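*Asks:* What follows is a single structure, and I will ask about it in a moment.
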Amino acid sequence: MFKKIRWFVVLMLFLAGVINYVDRAAFSVAAPFITEEYGIDSIQLGFIFSSFSIGYALFNFVGGYLSDIYGPRKIFGASMTIWSIFCGLTIAAFNFVSLFIIRMLFGLGEGPLGSATNKTISNWVPAKQRARAVGISFSGNPLGGALAGPIVGIIALYWHWKLSFIVLAVIGLIWTVFWMKLVTDKPSQHPKAAQEEIDEMQEPTAAFANSKDSKGEKVSLSYFIKQPTILFTALAFFGFNYILYFFMTWFPSYLSMDKGLSIKEMSIASTIPWLVGFCGLLLSGVLSDYLYRKTNKLLLSRKIVLVSGLLLSSICIAFAGLVQTPVSAVTLMACGIFFMYMTSTSYWSIISDNVKGDKVGGVTGFVHALANISGIIAPTVTGFIVQYTGHFTSAFLTAGALAIIGAVGVIFFVKPIALKAEL
């Protein structure tokens with residue numbers, strides 16, 4: 001079925017992304033039921049949304065660091081197992097505090113996902129195909145977000161919202177069994193990998209083949225994470241994630257509270273931006289690799305896609321908060337999510353293109369952790385805005401402004417990294 005095993009590995013990463021975002025977005029879809037059942041207000045709901053990112057951001061870096069040491073296969077398998085268990089344990093919650101703790105531990109389990117995915121792709125896919133592989137892998141995220149609405153909405157309407165979390169937990173555990181049985185850390189470890197596929201991954205890329213300088217001296221993790229290229233990539237990723245978390249946590253409630261949609265209408269409408277985002281993410285990798293082939297400039301191709309996507313997304317998101325009708329809001333939000341996801345592969349590719357070998361997981365985890373601080377801030381800030389202003393307009397404008405700041409930082413500060421050993 002697969003001429004090269006790497007594309008089967010990418011398929012498994014894609015499926016993991018689908019499961020990840022169905023699990024993550026399920027809580028937002030179920031939020032109207034949860035708030036009613038437990039008597040939770042907008043501020044408390046914002047804190048619960050943010051609790052996920054406390055655990056998630058912390059283990060972004062830890063998971064990436066451990067992926068470099070123990071390999072992404074084991075870390076990914078452990079990650080999926082932990083988050084699936086805590087997804088299922090959502091049904092055991094009984095008040096605000098218990099929901100906060102369970103969601104935080106759920107986020108802790110999901111923390112290694114991004115860095116372990118990028119580490120796996122770095123191990124399996126050569127630079128000329130890497131952005132496309134990242135795009136396919138992470139396109140599972142918005143597709144999972146799109147599926148969350150119908151899955152949770154239908155189960156909640158016809159049975160009970162708690163049942164959906166049990167179903168999702170079982171699916172995650174089944175995926176883990178196949179992952180541990182069929183995937184290895186590198187092509188050279190896989191019994192079905194062709195020699196050609198193994199040899200391709202031995203070739204140096206446009207950046208460097210390992211984390212050593214020209215004298216063969218080891219370059220530390222701290223050297224990479226202090227580079228402006230890495231820090232401003234993280235800032236842009238922060239802007240991306242602020243939009244993502246604002247959309248993922250509050251958009252369903254916005255459609256219900258502000259636009260008056262029923263649970264059924266909200267479940268359907270909230271899937272549209274996710275599906276459009278899925279298309280944007282698939283396009284991003286193809287476009288980035290196409291620009292690389294045309295310009296032969298790896299970093300420039302990533303920056304063009306990242307900057308243009310963030311700027312266009314910021315405009316759409318800002319206007320989405322100013323329109324009056326549900327159709328206009330969903331349409332503009334869908335356009336904003338499309339352009340936002342069009343940038344998604346660039347963050348991961350900039351890291352894997354410039355930080356090779358045994359530091360990819362650690363640097364990816366560091367960037368992902370900084371970016372996901374937005375996941376702590378965005379839901380809570382939005383909750384306060386809604387509680388004290390009675391509307392969402394300022395929340396939309398804030399998300400758009402942060403995306404612009406991230407794009408400007410990339411334009412001026414993301415440059416090729418000079419490789420030197422630290423003294």
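Cβ atoms here come from the backbone N, Cα and C positions, even for glycine.
Since the structure is predicted, the reported quantities are computational estimates derived from the model, not experimental observations.
The following feature annotations were taken from TrEMBL:
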- 9-418: domain 'Major facilitator superfamily (MFS) profile' (DOMAIN)
- 48-70: transmembrane segment (TRANSMEM)
- 82-106: transmembrane segment (TRANSMEM)
- 163-182: transmembrane segment (TRANSMEM)
- 230-251: transmembrane segment (TRANSMEM)
- 271-292: transmembrane segment (TRANSMEM)
- 304-323: transmembrane segment (TRANSMEM)
- 329-351: transmembrane segment (TRANSMEM)
- 363-386: transmembrane segment (TRANSMEM)
- 392-414: transmembrane segment (TRANSMEM)
*Asks:* Taking the transmembrane segment (363-386) as reference, which of 48-70, 163-182, 230-251 has the most Cβ pairs under 8 angstroms?
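*Replies:* By the under-8 Å Cβ criterion, the transmembrane segment (363-386) pairs most with 48-70.
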*Asks:* For the domain 'Major facilitator superfamily (MFS) profile' (9-418), what's the mean pLDDT in this predicted model?
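*Replies:* In the predicted model, the domain 'Major facilitator superfamily (MFS) profile' (9-418) has a mean pLDDT of 86.
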*Asks:* State, in range form, which of 48-70, 163-182, 304-323, 392-414 has the highest count of Cβ pairs under 8 Å to the transmembrane segment (82-106).
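*Replies:* Going through each listed stretch, the top one turns out to be 163-182.
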*Asks:* Report, as numbers and ranges, which residues of the same chain sit near the transmembrane segment (48-70): CB under 8 Å and 6 or more residues beyond its ends.
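*Replies:* Non-local partners: 24, 27-28, 40, 76, 79, 96, 99-101, 103-116, 119, 221, 245, 249-250, 358-366, 368-370, 372-380, 383.
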*Asks:* Which sequence positions outside the transmembrane segment (163-182), separated from its termini by at least 6 residues, show Cβ-Cβ distances below 8 Å to it?
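*Replies:* Residues 8, 12, 15-16, 19, 22-23, 26, 30, 73, 76-77, 80-81, 83-85, 87-88, 90-91, 151-152, 155-156 contact the transmembrane segment (163-182) from elsewhere in the chain.
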*Asks:* The transmembrane segment (329-351): which same-chain residues, six or more beyond its ends, come within Cβ distance under 8 Å?
*Replies:* 114, 117-118, 121, 130-131, 134-135, 138, 141-142, 229-230, 233, 236-237, 240, 243-244, 247, 251, 254-255, 259, 269, 272-274, 276-281, 283-285, 287-288, 299, 302-303, 305-306, 308-310, 312-317, 319-320, 323, 360, 363-364, 367, 371, 403, 414
*Asks:* Same chain only, please: residues at least 6 beyond the ends of the transmembrane segment (230-251) with a C-beta under 8 Å from a C-beta of the stretch. Say none if there are none.
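*Replies:* For the transmembrane segment (230-251), the list is 24-25, 28, 46, 49, 53, 145, 224, 270, 273, 306, 310, 313-314, 317, 333, 336-337, 340, 343-344, 347, 350-351, 355, 363, 366-368, 370-375, 377-379, 382-383, 386, 392, 395-396, 398-400, 402-407, 409-410, 412-414, 417.
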